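Inspection log for the structure reproduced underneath, given as C-alpha cells.
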Amino acid sequence: MDERYDPKKIEGKWQAHWDAAGLFKVKEDPSKEKYFLMEMFPYPSGKIHMGHVRNYSIGDVVARFKRMQGFNVLHPMGWDAFGMPAENAAIKNNTHPAKWTYENIAAMGAQLKAMGFSYDWDREIATCKPDYYRWEQWLFVQMFKKGMVYRKEASVNWCHTCQTVLANEQVEQNMCWRCGDEVEQKKLKQWFFRITDYADDLLEHCDKLPGWPEKVVTMQKNWIGKSHGAEILFSVKDSDVKIKVFTTRPDTLCGATFMCLAPEHPLVEDLSKGTAQEAVVQEFVARMAKQDKAKRTADDKEKEGVPIGAQCINPLTGKTMEIYTANFALMEYGTGAVMSVPTHDQRDFEFATKYGLEKIVVIQPEGEALSPETMTEAYTDPGVLVNSGQFDGMKNTDAMEAIAQYLDENDMGKKTVQYRIRDWGISRQRYWGAPIPMIHCPDCGITPVPEDQLPVILPEDANLLEGGKSPLPELDSFVKTTCPQCGNENARRETDTMDTFVESSWYPERYCSPKCDDGMFDVDAVKYWMPVDQYIGGVEHAVMHLLYSRYFTRVLNDFGLVDFKEPFTRLLTQGMVCKETLKCPEHGWLFPHEVEGSGDERTCTKCGKIVEAGRVEKMSKSKLNVVDPEELLAKYGADTIRLFCLFAAPPERDLDWSEEGVEGSYRFLQRVWRMFAAHMDEVKDAQPFEGSPDDLDGYLKDLYKKTHQTIKKVTEDIDGRFHFNTAISAVMELVNMVYGLDDNLQGEKRAGVLRAAVEAVILLISPMTPHFTEELWSLFGKTQCVLETPWPAWREDALTADEVVVVLQVNGKLRSKLNVPLDTDDEKIKEMALADEKVQKFMGGKPIRKVIVVKNKLVNVVV
C-alpha cells in the first residue's frame, strides 16, 4: 500500500464501484425493517455550499450506519426546482429558467456524487418536471371539488414598476429588491387552501411528535396560535354597523376606552368617508401599507394612529369610545379590531399615554389600589375586578367566563376560539411555477381542467427577458382554451402558478415511487416506506414547510391515499455553518483569499490596509465569508470535509469554520493510514480475536476491552443521539491505544487482538469517511464492501474496567484521586484514602468524625 493517504487516488474509484454494484438502490422488502431517511432537498442554485455539505454529511452517516445494521434504507435526493430564484437568475443571465435549472441540477448532482453521499439516484425527482407537478394539479382538482380550495380577493405586495406581486422575502425595507421602487399593498384575486379546517388537528398532534425538537414544536404551536376568548359586538354610534372584536381578555371589557382598527380593515375607509378625518386617514393607511407588518407591530416600535371620525359604544358600560386606526393592529389576527384597555395592555397603555386618552383601572391586585394617574405601565397580572358594575369583586379569572356568558345571553357576543393561522394563499403571479389547473369561462365561471387533460404544462416559449412580470397572461397559446363544460371557445386558463411550498409538501411520498404514472404515488410503496423515519434540515423551515407538509399529509389521508397523518417521525434541525467576516476600509467585504497575514495584522491584498475581522456569522455570498467545497475537495478530498463537518460541533449547533480544524481532520486520516500500514503485514492473515477478555492480560486485555467499549460508545452516539463528534473522539482514543502497543509485547493472541482493534476502527468511522475505509478494507483482502458488512457488536464482558478512579474528598471537597482495582474492599480503600498525602494535608490534623465510602466512586473524609 502507499505510504500516504491520497484521496485523489481512491475516491473516484470507490464511487464508481458503488454505482456499478448498485449498493444504494432499494426496493420494498417486507422481510426487512425499513428506514426512510431524508434531508431537505435543495434549490438547484448551481453549486453546493458548505451548509449543503454539512446537512448531507449528517444524513449520510445515519443512512450508512442503518444499512450496516441490516435496515432496508431509502435515502433519496431531488430538487426543489420551481420558484423565483431560477426565474430571476434566468432574466439576469439572458437564458430560460428551464435551461438554467436543468444545467444546475446536472452540476450539483455531480458535486453531491463527488462527496460520496449514498443516494438512490434512480429515485431522483425535480419538481419542475411535468410528471411531478401533474399529480399536484390532480390533487388540486380533487380538493377544489371537495371545497378545500377557494378563490377570494386578498392583499399582496405589489411593485408598480415591475408590474408583479412580490413575496415577503423580496421586499427589503419596503422596497422592491429588483428595481428599488416602493412596494404597496394591492388587492388581487388569490387561490387559497383551507388549512384552517385542520388547525385543531395540527395543533393537537404537536404533542404527538416526540422525535421533534421542542423549539420546533413550540414554533408550530405558536404559528397555529389557538386562543380562547370572546367575540364582542360594538355598535357604531349613529349607525347600524357593528364591529366584531375578538379578545382573550373579556374580563377587562369595562376598561375599554377606545378602539383600534387595523389600517387594512374595510371599516376604516367606510367609516371615515365623508368625515373631516377622511384625508388624514387615507394618508395614514397609505403610509402603513408601505411598512413591513412585523416591524410595524414590534413591541419596541412606537405606537401611532389617527381617529377615523367615528365612535362606537362599549356594550357593558354604554360609554362612547373613539375609533382609531393604529399601526399595531393587524388584519391577520383576530378580526382586525382591538378593544383598547390602556390600564391592562401595554400597547394600549403606550398609545393612550401618547394621545392623552382615558384610562380606567378595572383589575386591582389584592390589597393594593392602582391609580391611572400614577401608573407607569399596564397592570397585566391577576387580580379582582373594580369599576365593572355587577362583576365587581370577582377574581378576574372567574370574570372571564362570567362576562362572556353575559354577552352571549344578551346578544352582545359569545365565547369563541380564534387562530393565528390563516388559510394558505398559494397564488403566485410568476412564470416559473406549476400552473394552477383551472379555467375561467364567461358562461360557466370557474371550472377545473378535466383530469384527462392534465398536466397543464408550463409553456417554455415564454419570453422572460422584458420586464419582470409573468408572460403567461399575454401568451395566447397558453391562455386561450375551450371550456370543458359548455365548449365556449372564449374561455381562459388561470395564469397564476402555485407557491413552491406546494411541491415540497408531498415530495416524500413521491420518492417512494417516483416513476409512478397512474397516480401521485404507488399506495403500497408509500404504505411500506412512510412515514419518514428521520428528516434533516434547517430550522428556518421549522414553521412553513413542515406545517404545510403536515397539512398535505392530512389531506392525502382524507382522500384515503395514505394511512397516517404525520409525515416525519423524527426531525433534526442542524445548525448553520459560520465563519468570521473580513472587511477592508476601502474595498469592503473580502474573500478569505484576499487577505494575508494573521491575527490583528491581516491586510487586504488589494491595497495593503489593515482588515477588520468581524463576528463569526452564517456563511453568505453577500459578506464573502464563504468556503468553496470544490476547492476543499481538490485539496483534501471528500472524507476530510465530511469528517470535519461531523467532528467540529454537535449537529444541532452552529459550526464555526476552521481551516486548522480541516487540517486536523486530514492529519487524523493520515494517522489512521499509517497505523494500518504499520501493522498490515502482522494482521493481514490473522483472525480477529473474539474470545473472553479473561483469556488475555496486560496491555492486550486493555486494548481488547477498549475496542469493545469504543464499539458501544460509537454505536450509541450515532444511533438516535447523533453525537458524531464524541463518536469520532472515541475512535481517536482507540487509535491512540493501538499506537501505544509495544512492539516487544508479543504472544500468540497479539495479532488477533490487534486485528480486532484495527477492523473496529475501519468499520466505526466508515459512515463518516466511506472512501477511506473502503480502501483500507479492501487492502485486508475483503471482497465485500464495508457497506455490506454488518455493524460490529460489542461483548458485554469486555465493557467492565479492571480498575476504577475513586475520588477522594475532605468535607465534600475534591482533594485527590486513586486508581484502584474494581470492587476493592471498603476497609482497604478507606485505609488507602487516609494514607494519601493530599488528603492528610487538607485534614490538617483534625479529628475524623466519619469516613463515607461509595464503592468504586468516592471516599469522603469528614473532619
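Note: Cβ is positioned from N, Cα and C throughout, glycine not excepted.
Annotation note: Lys621 (ATP binding site) sits in a coil segment as assigned by DSSP. Listed in sequence order, the residues of the same chain lying 6 or more apart from Lys621 (ATP binding site) and placing their CB within less than 8 Å of its CB: none are present. Marked as ATP binding site by Swiss-Prot: Lys621.
Sequence-distant neighbours of the motif ''HIGH' region' (42-52) (same chain, 6+ residues past either end, Cβ-Cβ under 8 Å): 79-81, 83, 85-86, 101, 103-105, 107-108, 111-112, 115, 126, 538, 576-577, 619, 626-630, 645, 657. Residues or ranges marked as motif ''HIGH' region' by Swiss-Prot: 42-52.
For the motif ''KMSKS' region' (618-622), the model's average pLDDT works out to 72. For 618-622, the entry in Swiss-Prot reads motif ''KMSKS' region'.
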